[in-house]
Structure formats: C-alpha cells, structure tokens
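As recorded in TrEMBL:
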type	residues	note
BINDING	19-26, 87-91, 141-144	GTP binding site
DOMAIN	10-279	domain 'Tr-type G'
Amino acid sequence: MANQTLEQIENRRTFAIISHPDAGKTTITEKLLLVGQVIQTAGAVKGKGNQAKAKSDWMEIEKQRGISVTTSAMQFPYNNCMVNLLDTPGHEDFSEDTYRTLTAVDSALMVIDATKGVEERTIKLMEVTRLRSTPILTFMNKLDRDIRDPLELLDEVEDILKIKCAPITWPIGSGKFFKGVYNLAGDYAIMYKSGQGSKIQDVVRIDGIDNPELIQTIGEDFHQQLKDELELVQGASNEFDPQEFLEGKLTPVFFGTALGNFGVDHMLDYLTTYAPAPQPRQTLEGEVKATDPEFSGFIFKIQANMDPKHRDRVAFMRIVSGKYTRGMKVTQHRIGKDITINDALTFLAGDRTNAEEAYAGDIIGIHNHGTIQIGDAFSTFKEPVKFTGIPNFAPELFKRIRLKDPLKMKQLLKGLIQLSEEGSVQVFRPLINNDLIVGAIGVLQFDVVVNRLKNEYNVEAIYEPVNVVTARWVDCDDAKKLEEFKRKCEGNLALDGAENLTYIAPNMVNLNLTQEKYPDIRFFSTREH
Ligand code: G4P
C-alpha cells in the first residue's frame, strides 16, 4: 500500500456520540462542527419549549442554520486528523439504527448531563458499545448549571457502567461560579468566559496550581477548595492509561458546557491523539484490517433520500479496508454481482459531494435502487466476505397494520418490506393467517411507517392492537425437530421481512415455557444481517 494511503488511514478517527435525550448531544455536535470549522457560528439549533423535536437533530441543524449537513455522517479535519462523526438518532425516533451505527465507529463519546448523572438510555447504549469493547470518552456537560458532586458522578459511572474513570480535567466550580477546568496531567488551568457560546473561545491558560494569577483569578477560597479537591481526586481516581482506554476498560473524563462552548475542544484533542485509527472488522472468513491493500466495506444504514418522490435511497458504507476511488469496480457479495461505484457521496465539511477518493474509516453514501441491504459487504477482491456483528434486534412493540383500501395489498407489502430493509422497523407475517404485524423498538417508528407508506407508496394504513409482546428468531440444527416445532407452534410462528422464521409470543411466560419445552430449538433476540 502506498505510504500516502497508509498515512490517510492512520489519520482517520471515526466516532459517534451516545447519550440520554437532552444531555446535550445536539449542542455538542454543533460545537464540534464549530471547532472543525464546518460552521462559522453556532446558535440555537432547536425550537424552544414544546415545539416538537425534529426527526433528526442534524436535519434540524441543517434547516435552521442553512448549512448543508447530512443526517448521517460528517467529516472534518482537526489536529492533523480526519474526523468522521456519525449521527446516532437518540430521541423519540430511537431505533436499531443507533445500534448499527455503533458497529461502524472505532470510538464513542459518552455525554452525561452532570446535573443528573448516568441515565437509562446511556446505560443501554453503553451495553452496545461493550459488544465490541469500543473505546469511550466521557464529557460531563452543563457545568454552567449547578451540577452534582463531580466525584460522585465518577463513582456512578464506575459503578453503573463498569468502566474506570480517568479525569483529564477537573471543574473549578459550577453554575454561576463556574470558572473553568484544571488539567490534571498538564498541571494548568483553562479559564471559562461566559457568553461565548457561538464562537470559538479565546483560551486563557494559567500554568501551575500555585500560580498567583490563578489565585487572583478565582479567589483564595475557590483556590483552596480546588487544591483540596485535586488532592482528593488524584488519590481516589485512575490515571489515564492509553492501553486500557483502547480496550474499553477506562474512559478519560472531561468537564465543560456545550452551551457555553467550553471543554468540547479538550475532548477533541484527546480523541484525535488517543482514539484508535480505523480498527479491523471480523468476518466469517477471518479479520480484515484497515491497512489491507484491497478495498472492502459494509452497509450499516439505509436512508430514504430527502426527496421522497424519487424513492431513491442512500446506503451508507463504512469502508473497512483500503481506499475507494471514483469509478471503482467492486463485488457485492450477497448477490455475487460486480458493480461500478461512480457517484459515492462523501461528507467533508458538511458538503455532500461526489467523492474522488475515500479511505478506511470513512463513510461513503451509495445510491440504492433497492438492490442493497443492511449488512451487505462490498470489496475489490472476489473471495466471498461477510462482516459479522451487524445485528437486528427483536422489536419490543408490535401492532397489526391494516389497509383502508384492501386493493392496495401489494403496495403495502412492498412498502413494508422496503422499510424493514432500512432496518428501522420489522415486519412479520404469521404462518397461519394473512395478518401483517409491524414490530419496532421505539414508538415513533409506527407513525413514521404510516406517514411514509402514505407519502412514498400511496397507501393508507391504520394500526390495530395485536397480542404479541416479543419476538425471537428461531433455528435448530436438527431439521426434523425444527419441523415438529413448526407443526406444534404454527400459531405463534411468522416470517420476517427477509423470510426468517420467528416466534412471536403473546407474553413472556409463554415464551419461557416454549423455550423450556423445546430445548433443542435456539431462540435469538438478535439476528445478524
Ligand atoms: P440532546 O441532543 O442530547 O437531546 O440535547 P440538546 O443538545 O438538544 O440539549 C438539550 C437541552 O439542554 C437544550 O435545552 C440545550 O440548550 C441544553 N443544553 C445543552 N448543553 C448545555 C449546557 O452546557 N448547559 C446548559 N445550561 N444547557 C445545555 P432546551 O431548553 O431543550 O432547548 P433550547 O430551548 O435551549 O433550544
């Protein structure tokens, strides 16, 4: 591989933000775009008060700021690195997309509202990052408000999320008295100025804890308190260990305020210095390294294009190895077909442009006319390759969907199968009747489906309750036993959008009893694409 290509790959940092709704993900994203110089000024990106939250935060940024960001990936240069930030929809439209996006990153930033601490969605998302031991950085946000005791916050992260904390910076006060942070390893303070939320802050740095300038700036009382705290925290917490960070066992912690535009760059400095370059990905056939000379990648997300009239969808590919160049011929392994990619999109500095080239770690968008599915692998080599670990999760909510006009069954089925290919909902067809059951992880998905069926497929559908609470994909090595199971449990079996056999249970007791009764049948709560 050419040195220049190697260097480009080594410089890639691909990450996503995980957080509980309202912790500040959107605000931090905006500040990252500011320091990455994708946008020149930051402002309020959201409607106030009760205004409904946008379907995607990034779409909303786009709308309100009049800039061209895409809703899925964003690339910007920082500190001699090329940073790829992937959007994880985290609000009401929370879905499997979020999980799968996390399979496409090499590290993640966990944002915690420091007035609240560890919240439920964060716990769930951290579990997902654990599946691949993703390195995690932590940003304690909202220091301009009265936060909880910072030591207690670190304890909570360690206890609940089972990851060691290494504070890199330490807050000097909070709320009205937020003065800045002290960098523990570097032994210097960075002072905070309020009212600078929309532009890059001037950095006022004061070296050394006993520096008279620091005492003068924050006052003697604060200074003594800071000294006491630093002594305590240095005794009680972990030092940053790059290796443990890379193994996902320890997280560097930063304090700041996204709204006040303070501290986000401290985190980004660490991310570009210590977060891993593009990592290898597992395949059924072995491991593919980022620096392998041949190009390869997998699809982790499919998104309807902004223009619903052209049912044109973009498939987002994480490049796993090598380099993409425009006009490259690759094999799409699921269908064993060669295609030429002429018009892949890249997302540098917020512009959707047709890429001339892209490297391992980058995300490219490929126009999909219905032939690409989530999990599809592409490569310039011919030997079959299938990346593992891109899961479908068993839905948690179910509804029967019914047509207003029964003659449109074909369109309905087509729409549902295409929407399930995108991966945000799943569709189940029971073996014993003609029902269509929609399963989702988030409740908003149901509305999205009905709206999109109407707008994109011209089908009016309504929901009815259905007596299903959970689904499991089933499998068995013994064909005879599987047949018997199918016969006996036909009333609870369905096919999903990709024709996989699924057990749909009316309640958990039923599921447990069935599992006990058929010990040779395997029940999966996730299905790999
Ligand atoms: P999310 O994407 O994780 O849901 O969070 P988002 O950035 O939308 O932030 C949620 C709320 O928290 C917003 O207020 C936002 O302004 C506020 N916020 C984010 N960072 C900080 C911070 O550092 N300090 C303080 N004090 N607030 C912060 P909102 O009232 O919901 O929206 P808006 O009316 O301010 O637009």
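If you go along the chain as it appears here, the first residue is 1 and each next one adds 1.
In case you wondered, yes, glycine gets a Cβ from its N, Cα and C as well.
Taking a Cβ cut-off of under 6 Å from any atom of ligand 1, the binding-site residues Asp22, Lys25, Thr88 reduce to Asp22, Lys25. For the domain 'Tr-type G' (10-279), the mean pLDDT of the prediction comes to 86. Each of the binding-site residues Ser19, Asp22, Leu143 was assessed for Cβ neighbours inside 10 Å, and the highest tally belongs to Leu143. According to DSSP, Lys25 (GTP binding site) is assigned to a helical segment. In this view, Lys25 (GTP binding site) is surrounded by 25 other Cβ atoms within 10 Å of its Cβ, with every protein chain counted.
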